[in-house]
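To keep things clear, I will list the structure first and then write my remarks on it.
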């Protein structure tokens, strides 16, 4: 049993599933009816108008109605949308046991303890028929799903089947007069609407339940005699087929399963039993400890059952419905019914492949659970829970796809889970011993391995690797090295989905999704309230997954959202573009087209692919608060601006993105003090003095305006501010403005007018205004304040502005893609502002600023309307000179104003990066300073693993391709890239490849030096030179294909010399081993050397063997020496003498490991011959040969590469790549 939902409540007596929505009604013994959403696990509503237990409840198939019947003798019909009872049907005289809507007609059937069954019309709200005949409580009654029959069960030990076809005719509108007449007679003389068709007798006690089969002429009943009986009926009679025994107490409810041949019953013995309807045997039993079962309900369309018991109810499934499937490229293999099927995504062709064995055992949940596929061998592994976990291996004949008739023999075995780990190997988990067994396609164990952690399931994780699940962790385990490569703590994982490139994995548990890297490094976790069902990766690295009722997406950074809602659960198999391929619960392939705009938009933002973002904004219908909030949260307010029409939101977004133009337009629309203030703050931050001024003027913020004019050095406007303060009679404002202007006389005048004569006197005297001092001294008389002695007064005058600044000079930057590209989207704003420009001039006129309609200022300067009372009192203000010219318009925050500004050049890509991008040559990467990629290239191309000999060359290449210039003593040193083949005529924008310190001609020079040293017998010096050539070649760069061939030829030449000189030096160390000395001297003669050196080697070998009395071998060397026509007469003479001696005595004293007749090459490490036909391994770089035992070790000849490593070959010229 797979429990999907469980409630705790009073005893549940009635249950009913909704046919479309995930709802279930439960009527309780307490009189309450509960409406639950079993998918979300929430209580939606409760209805409690019944008095006493409610025993029956039923949803209508299509209307928003349900019916209930209770111990208060009432049948109530409810509308669940309006959450109220529509009407009550009265007529029964005792408890009502069951109620049910008819599937077609507007009828309700009810069964009652008053021994009757009533049929009601819920539209006319009348009882249309009473079925009498039972002589004890009627425990249940229900309509047949298709025919005009009713079945009822009663405590009188009978089950009755009633024919209600007459009732159907009666309710149909009579067509002709005869019918109408007969119907009148029936009504007058009491016709019979429903007749008993059969009475089924066979139970020994009262019958609690009877139910029809949905399609076959069968009835099942359960009674207090603890038996479940199966009955069959035909047109004329009904008879008992079989009895199912097993319950220990009264059987309370029994029913046929809609989709399978099974019967489900429950009982007061606290158990639910599942029976095979064809074999009539028990399959499975589910027990509760303390709760008796009372009622069963089946979902009309889905594979769901519900059972009510003493303390609540459970919603459950008997079997898993998820088809086992595996995706391989364009193909999907999945199981359906008894077949393995094949579906091709591109053509959407679905074919049957092979029949698979169904389990012989009768228990449930034995269908395939997982499926693993090996594409190269065309083999399928199917795992199921049969016998505690087992697998079957089918190798599909190549031609059987599409025919589906052959039955290949399956190889079977037991194991918790089995998956392919390589082309022809699969791993099986043996849970009992916690071992992984690796088997081949013949089902033979190839190797065993104990897991270092407890595991209960294994999944594929790349070739040779397994992802193992234990209780609360997952591990990646390497079968070859027996190492744990990574682990991660997770909730219990049910399914795993690898991305197409095997770089990411999604771990799906019941209510969470964990995304991790291939080494199980955690990337993000998503939690879902509704159960997660399946998922797949799309080609952009977005994980698309399904819950029971949604298709959703998860971006690489953990952001998720809903793509669409689902009616029924599906299992995603593949995502391609905006098509989702999936299997439904019936095993049918479906393609769902989705709108990927939202998640592609977010992904493009995340990956900074702004061109995509742009085109999506232009072309799509993306909008809504959620999208704006998302953009704001992710730091893209300028993008959000293009979605928003609401001015307040626009204003906030414009400020956040620093877009003053839009902010001004919105502020004008809103026109609130707070918004102008915030605009001023932002404009000040950007140094946009014009807008700051405008904002302060709109808010009448004169103090700030004055200060702004001071710091921008705008003395004219400061003078006007002084006059405005005068008009407003703002003494403090006047004084401040006079102070800012440095107007001493004005300050003295203000102090004098304000009655501060001593302060006026001091101010005048300090600033040397003698005429004023004398006048004030006269007015003060005795009270002239004394100035402190010995202090040097200093003038309080503001510094004169160096630069009367407008807006700050701003660097001209490229307009953001969103501003430039979206101008079309924001056209309205632009035009609005241009229209507004004319008004700005007038509003900025200082005169108008004072035309303030706040009621607190009476001076309106424009018309000179100053309050007349003031004029009379003070003798009037002289305001004629304030006929001020209109101010220059406030500069718009436009881009045109920035044309004359300094433009910083955009930094280009560093040359070293250009070199790397263009090249696959290790030498050029080293010159660019990117040693890491250079080493990777060498490792890939030549199998080089030992980089120590190359270190100095790497450094030389890097320093040699860069020059350094000193600019100023304080400035940093400038690095300049030196390019190969540069000339004056080169385009400055096209970068050439780096200049390299080593070239091919140097190597040729070294080769000649090596030859000279060899001839002179300076073997150590010669070996050093040749090795140095061998270790420079990997980083050499040449131009033409001809030179490439020469480089490759050079490697072969030098390799032979290095090997030969190493052997010769080794020979000289072996004074006490004459046999080995002779062998090494002999091998030296078989290397591919220059003719002169070949003769010297032969002479040397001949001498060594002759001294050791090996005359036959010495003679062979003498013969070879003479065949080479030596120019040196001494050499020829010695050779002839040795040849004569060997012909006289053609024997060897000691036996050598040397056979000159059999062609051979010399092993570069052990210096033994590898004769033709013997196995050998090669150095991927210098191509020296070695005995197989040397594989995996460092090559002793070049001292760089690993013997036997995979390598693609030497790459030393751009011409090889073109």
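Every residue, even glycine, has its Cβ placed from backbone N, Cα and C.
Here is what TrEMBL says about this protein:
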- 47-88: repeat 'WD' (REPEAT)
- 89-130: repeat 'WD' (REPEAT)
- 131-172: repeat 'WD' (REPEAT)
- 200-241: repeat 'WD' (REPEAT)
- 244-285: repeat 'WD' (REPEAT)
- 340-584: domain 'COPA/B second beta-propeller' (DOMAIN)
- 625-768: domain 'COPA/B TPR' (DOMAIN)
- 815-1218: domain 'Coatomer alpha subunit C-terminal' (DOMAIN)
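Note on the domain 'COPA/B TPR' (625-768): its mean pLDDT in the predicted model is 83. Broken down with DSSP, the repeat 'WD' (244-285) shows 0 helix, 25 strand, 17 coil. Comparing 47-88, 200-241, 244-285 for CB pairs under 8 angstroms to the repeat 'WD' (131-172), the maximum falls on 200-241. According to DSSP, the repeat 'WD' (200-241) comprises 0 helix, 25 strand, 17 coil. For the repeat 'WD' (47-88), the residues of the chain that approach it from at least six positions outside its boundaries are 13-19, 23, 25-33, 35, 94-101, 103, 108, 110-112, 120, 122, 125, 300, judged by C-beta separation under 8 angstroms. Sequence-distant contacts of the repeat 'WD' (244-285) (same chain, six or more residues past either end, CB-CB distance under 8 Å): 1, 205, 208-214, 218, 220-224, 226-230, 291-296, 298-300, 303, 305, 307, 309, 318-319, 362-364. DSSP labels the residues of the repeat 'WD' (89-130) in these numbers: 0 helix, 24 strand, 18 coil. Mapped onto DSSP classes, the repeat 'WD' (131-172) shows 7 helix, 20 strand, 15 coil.
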